[in-house]
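Just below is one structure, and these are the notes that go with it.
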């Protein structure tokens, strides 16, 4: 078995407030789940903001995209999916049944 580098999100600790979405009547989430989702959302918004603020060719910024030097052969056939679309489809399928 070969080991390959693991990509990870690096969070710089900045926190901003974000609007809370109204709860859906069919979905009940624990406070811990909501906090995890909020943390990931805020962290990703910070990453996107930092990426937009970086000057191409300038000095190294806060955010750096990780790219493997040697691609993992197991991922050769990997096709990215839109998670929002997947959730939408699974929700529609659940309502049909």
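Keep in mind that glycine also has a Cβ here, set from the backbone N, Cα and C atoms.
When Swiss-Prot is compared with the stretches 80-84, 85-89, 90-94, the one noted as motif 'PXDLS motif' is 80-84. Each of the modified residues 30, 41, 79 was ranked by the number of other C-beta atoms within 10 Å, and first place falls to 41. Classification of residue 30 (phosphothreonine) by DSSP places it in coil, neither helical nor stranded.
DSSP assignment over the motif 'PXDLS motif' (80-84) gives 2 helix, 0 strand, 3 coil.
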